[in-house]
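Annotated features, as they stand in TrEMBL:
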type: REGION; residues: 38-60; note: region 'Disordered'
type: DOMAIN; residues: 92-120; note: domain 'Zinc finger DksA/TraR C4-type'
type: ZN_FING; residues: 97-121; note: zinc finger
type: COMPBIAS; residues: 123-138; note: compositional bias 'Basic and acidic residues'
type: REGION; residues: 123-244; note: region 'Disordered'
type: COMPBIAS; residues: 189-204; note: compositional bias 'Basic and acidic residues'
type: COMPBIAS; residues: 225-244; note: compositional bias 'Basic and acidic residues'
Amino acid sequence: MNHLSEAQKKRLKEMLLEEKKELTKHFKINDETAAGLEESLRDSTGELSAADNHPGDLGTEVFERGRDIAVNETLDGQLEQVGKALARMEEGTYGTCEVCGEGIPFERLEALPFSAVCIEHADAGSDPDRRPVEEEVMTRPPAGAGEGRQAASGRFDDADAWESVESYGNSDSPAMAAARDVSSYDQLSSDKLDGRGHVEEIEKFTGSGIDGKDRHVQKAAPYKEYVDKDEAKPLLEDRELRRR
């Protein structure tokens with residue numbers, strides 16, 4: 001700490017003591033007003049049970065609880081670093097890099113009073129290639145895409161879970177079908193009515209290039225069925241799409 005003047009040492013110590021005071025005040029207020037986050041989520045929300053609720057019903061409460069815990073963990077670590085910095089001042093080692101032993105510039109200490117290393121070694125303890133520990137137990141996403149992704153992945157893909165179950169039948173009848181011209185139970189499945197990968201009926205016979213250009217209409221069976229239902233005029237031609 002020899003490279004720091006007495007005025008600089010005094011200034012830095014005042015900054016550390018002020019920061020320690022503010023952090024201690026934060027945890028004191030937090031303990032008095034929020035019961036230190038020790039109260040369960042069920043008790044804090046007044047719900048009899050959180051198990052039977054849709055996650056969206058408690059989305060705000062869960063977010064705020066997670067945010068408060070993360071803030072407290074960060075500030076608790078900062079308070080610990082401030083305490084260590086004050087201890088180094090008493091020992092006479094404050095302002096010296098713990099890695100290389102060189103003096104830490106006053107400008108850096110003024111910006112980060114509890115810093116224990118110089119700017120050159122600020123990232124010495126961080127690993128840029130470190131991955132979250134949960135990735136060790138997470139399964140990879142299904143391989144491929146579209147209709148063939150379930151077969152390619154080697155395991156069940158829940159994206160089409162309903163279609164897989166519905167293929168064995170359901171309790172609907174042709175009279176309850178949302179689509180028109182349904183006369184048999186074989187036409188009731190959502191796969192038959194909507195088609196995989198299509199949201200709108202028109203998507204079954206329209207397309208474009210990878211860059212969004214070259215818009216065209218495929219005049220196959222879906223196009224003819226769409227026109228026969230009087231849901232669109234048969235003037236839907238390739239040239240009409242290209243003009244848009």
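From the backbone N, Cα and C atoms, a Cβ is placed for every residue, glycine too.
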Segment-level pLDDT (mean, integer) for the zinc finger (97-121)
90
The correct DSSP tally for the domain 'Zinc finger DksA/TraR C4-type' (92-120) reads 8 helix, 2 strand, 19 coil
Residues in the compositional bias 'Basic and acidic residues' (123-138) per DSSP class, helix first, strand next, coil last, are 4 helix, 0 strand, 12 coil
